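First comes the structure, then the notes that go with it.
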Amino acid sequence: MGSTCIAMAPRTLLLLIGCQLVFGFNEPLNIVSHLNDDWFLFGDSRSDCTYVENNGHPKLDWLDLDPKLCNSGKISAKSGNSLFRSFHFTDFYNYTGEGDQIVFYEGVNFSPNHGFKCLAYGDNKRWMGNKARFYARVYEKMAQYRSLSFVNVPYAYGGKAKPTSICKHKTLTLNNPTFISKESNYVDYYYESEANFTLAGCDEFIVPLCVFNGHSKGSSSDPANKYYMDSQSYYNMDTGVLYGFNSTLDVGNTAKDPGLDLTCRYLALTPGNYKAVSLEYLLSLPSKAICLRKPKRFMPVQVVDSRWNSTRQSDNMTAVACQLPYCFFRNTSADYSGGTHDVHHGDFHFRQLLSGLLLNVSCIAQQGAFLYNNVSSSWPAYGYGQCPTAANIGYMAPVCIYDPLPVVLLGVLLGIAVLIIVFLILYFMTDSGVRLHEA
C-alpha cells in the first residue's frame with residue numbers, strides 16, 4: 001500500500017497544478033472583501049438597513065449590501081447622505097466606525113445631479129474638485145487609522161459680528177466652514193479678522209480651509225461696492241506652523257463674469273490651539289472635523305464606485321481620489337441598473353461586488369481579492385495578507401514561464417519533496433528486506 005501512495009501522489013500533484021494553470025485557478029476576484037473580521041464599511045442607502053419605506057416594495061430591496069450583514073455591527077450608512085455631505089452641510093449624519101480593513105461605498109449623494117453652487121453664478125465644478133480633494137485626504141488617512149468619527153470644533157471670536165450662512169442651494173446649506181459677518185464699524189472688508197479654535201481628543205483632524213476663488217463683491221451694507229480677494233489661513237499657536245492660501249482666479253458672481261465659488265483644501269492637523277486669520281473679506285473657520293484615532297499598520301482602503309444609473313448625471317471624483325498606494329478602487333463595466341426598487345438601487349453587478357464582504361480572503365491587492373495563498377497567474381500588486389505567488393502562463397508554449405521568486409521557492413519545495421520520497425522508498429525497501437530475511 002505504501003508504494004501505491006508514492007506512485008499516486010506525483011500524478012495527483014501534477015493534475016492539481018495542471019487544473020490551476022489551465023482553468024485560471026485562484027484568479028483575482030473583482031470584489032471588496034477582508035482578511036479577517038476586523039473590517040468596517042461606510043455607506044449610503046445602498047447599505048442602509050435601517051431605511052424605512054411604505055411603497056409596497058420588498059423589504060431591503062434597495063440594498064446592494066447582502067442583508068445577512070445588516071446585524072454585523074460593521075456598517076455606518078445613511079440613506080441620502082455621504083461623508084462629504086455631512087462634513088460640509090447642515091444635512092448631517094454622524095458617521096462613526098472602526099476597523100483595520102476599511103471599505104467606502106458612498107459619495108453619490110453629492111454629485112453633478114444635485115448641481116450645488118455656493119452663489120447664484122457659482123461653479124459646481126469647483127465643488128467636484130472639493131469632493132475629490134476631500135476623499136483623497138480621507139482615503140489616505142484611513143489607510144493609517146482605525147477609527148473615523150465627526151467632532152464639533154469650538155471657537156472663540158472677540159468681535160460682535162455673528163456667523164452668517166452665505167452658501168445655500170436648494171436643500172443644502174453650508175455650515176462648515178463657518179463664516180463670520182463683517183463688523184459694523186468697518187466701512188468695507190479691507191480689515192484683518194481672527195478667531196481662535198481648539199482641536200483636542202483625536203490623533204489627527206481633517207478640517208476645511210476654504211477661500212472664494214475670485215473677486216468677491218461686498219454686501220449691500222458695503223457702500224464702497226468693491227470687489228475683494230479672499231485670503232484665509234490657520235496658524236498653529238503651539239508649533240508656529242502656518243497654513244493658508246489666497247484666491248487667484250479672475251472670476252466673479254455676475255451673469256457677465258460667472259464662476260465665483262468656494263475652493264477648499266482639506267488639512268490633516270494635529271491636536272492644538274489654532275488661530276484663524278482673514279486679511280480681506282470674510283473670516284472663516286472650521287465648525288466640524290473628522291476625528292482620526294488609533295493609528296494602525298498601513299492597510300489600503302477599498303473604494304466601490306458610487307454612481308447613479310445613467311438617467312442621472314454622476315461624477316468620478318471618488319475614483320480620482322482613490323490612488324495607490326493607499327486605496328484600491330472597485331467598479332463594474334456596466335451601467336448601474338437597479339432591480340425591484342428603482343434604477344438607482346439594487347444593481348446585480350454591484351451586489352456581486354459587495355458579496356465579498358460575506359467571507360474572508362487570503363489576499364487583497366490592486367487587481368482584486370485572492371481567495372487562496374498558493375499560486376495564481378497574476379502577481380498581486382500592492383498585496384496585503386497572505387498573497388499567492390505568480391506564474392506567467394504561456395498558452396502558446398508547452399511549458400509555463402514562472403517569475404523568478406516563485407521558481408526559487410517551488411524549486412526548494414520540490415527538492416525537499418524528492419528527498420522525502422527517496423527516503424521513504426529506501427526505508428520501505430530496507431524494511432521489506434529485513435522482513436523477508438526474518439521470514
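In case you wondered, yes, glycine gets a Cβ from its N, Cα and C as well.
According to Swiss-Prot, the topological domain 'Virion surface' annotation covers 23-407, on the basis of sequence analysis.
Ser45 (active site, nucleophile): 21 other CB atoms within 10 A of its CB, across all protein chains. Residues annotated as active site, nucleophile in Swiss-Prot: Ser45.
Swiss-Prot lists Cys49-Cys70 (among others) with the feature disulfide bond. Applying an 8 A CB threshold to same-chain residues 6+ apart, the list for Cys49 (disulfide bond) reads Leu60, Leu63, Leu65, Pro67, Cys70, Asn71, Ile75, Ala77.
The N-linked glycosylation site annotation in Swiss-Prot covers Asn94 (among others) and rests on sequence analysis. Following the DSSP three-state reduction, the secondary structure of Asn94 (N-linked glycosylation site) is coil.
Sequence-distant neighbours of Cys167 (disulfide bond) (same chain, six or more apart, CB under 8 Å from its CB) are Cys118, Leu119, Thr173, Leu174, Leu262, listed in sequence order. If you look up Swiss-Prot, you'll see Cys118-Cys167 (among others) marked as disulfide bond.
Under DSSP, Asn196 (N-linked glycosylation site) is assigned to a strand (E or B) in the three-state scheme. Annotation comment: Swiss-Prot describes Asn196 (among others) as N-linked glycosylation site, evidence class sequence analysis.
Taken from Swiss-Prot, the feature disulfide bond covers Cys202-Cys291 (among others). The Cβ of Cys202 (disulfide bond) has Val151, Pro271, Ala289, Cys291, Leu292, Arg293 as same-chain neighbours under 8 Å, each 6 or more residues away in sequence. According to DSSP, Cys202 (disulfide bond) sits in a coil region rather than a helix or strand.
Long-range Cβ proximity for Cys264 (disulfide bond), meaning a same-chain Cβ under 8 A and a gap of 6 or more residues, is found for Asn130, Arg133, Phe134, Pro208, Leu209, Cys210. What Swiss-Prot lists as disulfide bond is Cys210-Cys264 (among others), and the listing cites sequence analysis.
Around Asn246 (N-linked glycosylation site), the C-beta neighbours below 8 angstroms that are at least 6 residues distant in the chain are Val211, Met229, Asp230, Ser231. What Swiss-Prot lists as N-linked glycosylation site is Asn246 (among others).
The local packing around Asn309 (N-linked glycosylation site), expressed as other Cβ atoms within 10 Å of its Cβ over all shown chains, amounts to 15. In the three-state DSSP reading, Asn309 (N-linked glycosylation site) counts as coil. What Swiss-Prot lists as N-linked glycosylation site is Asn309 (among others), and the listing cites sequence analysis.
Following the DSSP three-state reduction, the secondary structure of Asn316 (N-linked glycosylation site) is coil. Neighbours of Asn316 (N-linked glycosylation site), defined as other CB atoms within 10 A of its CB across all chains, total 15. The N-linked glycosylation site annotation in Swiss-Prot covers Asn316 (among others).
Marked as disulfide bond by Swiss-Prot on the basis of sequence analysis: Cys322-Cys327 (among others). Reduced to three states, the DSSP call for Cys322 (disulfide bond) is coil. The Cβ of Cys322 (disulfide bond) lies under 8 Å from the Cβ of Tyr135, Ala136, Tyr139, Val301, Val303, Phe328, Phe329, each of these being in the same chain and 6 or more residues away along the sequence.
The annotation N-linked glycosylation site is assigned in Swiss-Prot to Asn331 (among others) on the grounds of sequence analysis. Mapped onto three states, the DSSP output places Asn331 (N-linked glycosylation site) in coil.
Residues or ranges marked as N-linked glycosylation site in Swiss-Prot: Asn360 (among others). Note on Asn360 (N-linked glycosylation site): other Cβ atoms within 10 Å of its Cβ, all shown chains, come to 16.
Cys387 (disulfide bond): 19 other CB atoms within 10 A of its CB, across all protein chains. Look at Swiss-Prot and you will find Cys363-Cys387 (among others) tagged as disulfide bond.
Summarising the environment of Asn374 (N-linked glycosylation site), the number of other Cβ atoms within 10 Å of its Cβ, over all protein chains shown, is 15. Per Swiss-Prot, N-linked glycosylation site is recorded for Asn374 (among others), and the stated evidence type is sequence analysis.
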Disulfide-bonded residues compared (Cys118, Cys210, Cys291, Cys327, Cys363) - the one with the fewest other Cβ atoms within 10 Å: Cys291
Candidate glycosylation sites Asn196, Asn309, Asn316, Asn360, pick with smallest Cα gap to Cys387 (disulfide bond): Asn360
Asn309 (N-linked glycosylation site) versus Ser45 (active site, nucleophile) - Cα distance in angstrom: 14
Number of Cβ atoms other than its own within 10 Å, given for Asn331 (N-linked glycosylation site): 18
